[in-house]
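Step one of this worksheet: look at the structure below.
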Amino acid sequence: MEYKFSTVVDPGTYETHGLCEGYEVRYHKNAELEDIGCLRCQEHWRQSVGPLGAFKGTLGNPFNLLSLVIPECLPDRLSIVGFANELAFIHDDVTDIVQYGDAHNNDFKEAFNSMATTGSMENAASGKRALQAYIAREMVRIDKERAIPTIKAWAKFVDYGGRQETTRFTSEKEYTEYRIQDIGLWFWYGLLSFAMALDVPEHEREMCHEVCRTAYVQIMLVHDLASWEKEKLNAAALGKDVITNIIFVLMEEHGISEEEAKERCRETAKTLAADYLKIVEEYKARDDISLDSRKYIESWLYTISGNTVWSFICPRYNSSGSFSDHQLELMKNGVPKDPASGSTNGTSNGTSNGTSHVAVNGNGHVTNDDLSANGIKTDGELLSAITMEHLKNRNSFKLGDHDQEVKSLHGHGQALDPRVLQAPYEYITALPSKGLREQAIDALNVWFRVPTAKLEIIKSITTILHNASLMLDDVEDGSELRRGKPATHNIFGLGQTINSANYQLVRALQELQKLGDARSLLVFTEELHNLYVGQSMDLYWTSNLVCPSMHEYFQMIEHKTGGLFRLFGRLMAVHSTNPVQVDLTDFTNHLGRYFQTRDDYQNLVSAEYTKQKGFCEDFEEGKFSLPMIHLMQTMPDNLVLRNVWTQRRVNGTATHGQKQTILNLMKEAGTLKFTQDSLGVLYSDVEKSVAELESKFGIENFQLRLIMELLKTG
């Protein structure tokens, strides 16, 4: 394995207690980045969740854990990997408390699963989930391809880890099997592969896990040896008669003393370390497995040696452990600004420097963890401080009395079954969707704090209008496919589809009435008006072969695509419980511009888009997208272009050959490069808007930034 980012540590500066003889110890050249990541995580937790008490994580003097166990972590990843590892240790401490363990585990698992499958999470404003969203956003920003598999691996770890803290294990074998999972087999795989940018082939992962079992167990034994005294004290403080530690298990299983159990543990750890050295030499010589699998297996040598060195000097397990001067300085004055966000710790809190102050004594020991001095409140305090402001004069808004269930019409016969009316809508709703708008609503609620019941109504209104607009768009554009399936009108016919789509406006209005105020109705009618005006211009240009200017095109987008974004943003502002009032118009307009232009671009270059909607569908529909406007302006006298476009209008569609001809002209004219460059500018506009909103609200929105990273092209 090649070493770029670490140096060999002088054996005279550490002690392994004979637990890993023959092992080299390496340390990362940029360990201060781990300092920043770990302390940033602690500050996030204190600000978003609550006090950490006497928590001591992965930092130490002279060595941090991560810089020892993954010495070849890519430098640009060390800070966020340190953040994630620190959160895992906090998670471990919380799940040790039986009262909260399962609920905490379930919440973490649900959030990681949601991020891995949809790229978002509900309730992103909640403390713990804000931290997870920050991790995901940063990892996706750095390496999107490896971030998602890593998050999936973490979900598996959380699902298993910490769920048997009260189990009285009856044998060493039973305990070992549990700990192989709990020590973080899946978590460590995800962390290490992301940190070192490894791509272990899927068919080799189980092999790697099996080969590394020896290393897993050795690390578990060393951990239990080093943490035994701490865990004894914790168990006594919590009134537990069970200690989840190999020493306790050996004492009970074999009826031996504490010292005898420790000695047996030491001897087994020594043997396993020697065995793993031989395993690595064997696999390094194999050429029938991938290079990254071999690197993964070899990297565990440093996990073993680093874990051994750190475990016996760290403040987490040793009362004599201390922190470095650099760490103490950061604890006192706060971590540097997050380069990705411009905030001190990623969470603006209204203080002068955004830091959490921790008192330390002269020898480098933390002496006080009281964080109230910086004005930060726990979740409970925040909730009690928020006053729910309700709109006055609600009686001025009443659409009608819907309390009575309609059983019949004018007393003659039963009411007609609405299933036929709803069938087209239910069809399109059932098609696969990324749920971007629902994700955006959850993200914006980090700022607005709309009560859950009203937030669900706003989501419902948004979903109804969005799907209804898709049904009408497909009819008006003559689309064949929607999300890879036949468009709704190709299943139910034009009349049924149009009727069902129009009815959804009634349903949306019924949902709106549940909000119970006049301002919401005003927002609803204004933005619905804008949406239809925008769509009318799009249809007019297509039908009459009128090529708009780029300015006119973006005006149309702000009405049509931006209208729905503005609708839910304005509704959330109306029902916000946050006393800070901020106008989202610039943000939603910029988001609409970027989203539509991205869609225009994907229509031309994305294989997935072709699968979902067809090859260059915009050409077939005759749409004047941003790329088409650029092409028309660049080649105004090109007769091939003009005739192909006219023939599309005459025939009502375009052949594959005609579409390929237009695409070739776009490549010749530099249209694709122009569109890609435009996306970069539009994305910067959205990022600037997000930063301005974060400044006005005083809270960084990790969930919104994660969505933006996932939408980023190129």
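Numbers here mean position along the shown chain, with the first residue as 1.
In case you wondered, yes, glycine gets a Cβ from its N, Cα and C as well.
Swiss-Prot lists Asp92, Asp96 with the feature Mg(2+) 2 binding site, giving similarity to another entry as the kind of evidence. Residues or ranges marked as motif 'DDXXD motif 1' by Swiss-Prot on the basis of a curator's inference: 92-96. If you look up Swiss-Prot, you'll see 276-284 marked as motif 'NSE motif'. Under the heading compositional bias 'Low complexity', Swiss-Prot lists 341-356. The Mg(2+) 3 binding site annotation in Swiss-Prot covers Asp473, Asp477. According to Swiss-Prot, the Mg(2+) 4 binding site annotation covers Asp473, Asp477, on the basis of similarity to another entry. Among the features that Swiss-Prot reports, motif 'DDXXD motif 2' is placed at 473-477, with the record citing a curator's inference.
Nonlocal intrachain contacts for the motif 'NSE motif' (276-284), taken as residues 6+ away from its ends with a CB within less than 8 angstroms of a stretch CB, comprise 22-23, 211, 214-215, 218, 294, 297-298, 300-301, 304. Sequence-distant contacts of the motif 'DDXXD motif 2' (473-477) (same chain, six or more residues past either end, CB-CB distance under 8 Å): 487-489, 494, 497-498, 501, 535, 539, 621, 623.
Confidence for the motif 'DDXXD motif 1' (92-96), expressed as mean pLDDT, is 68.
Within 10 Å of the C-beta of Asp92 (Mg(2+) 2 binding site) we count 16 further C-beta atoms, all protein chains included.
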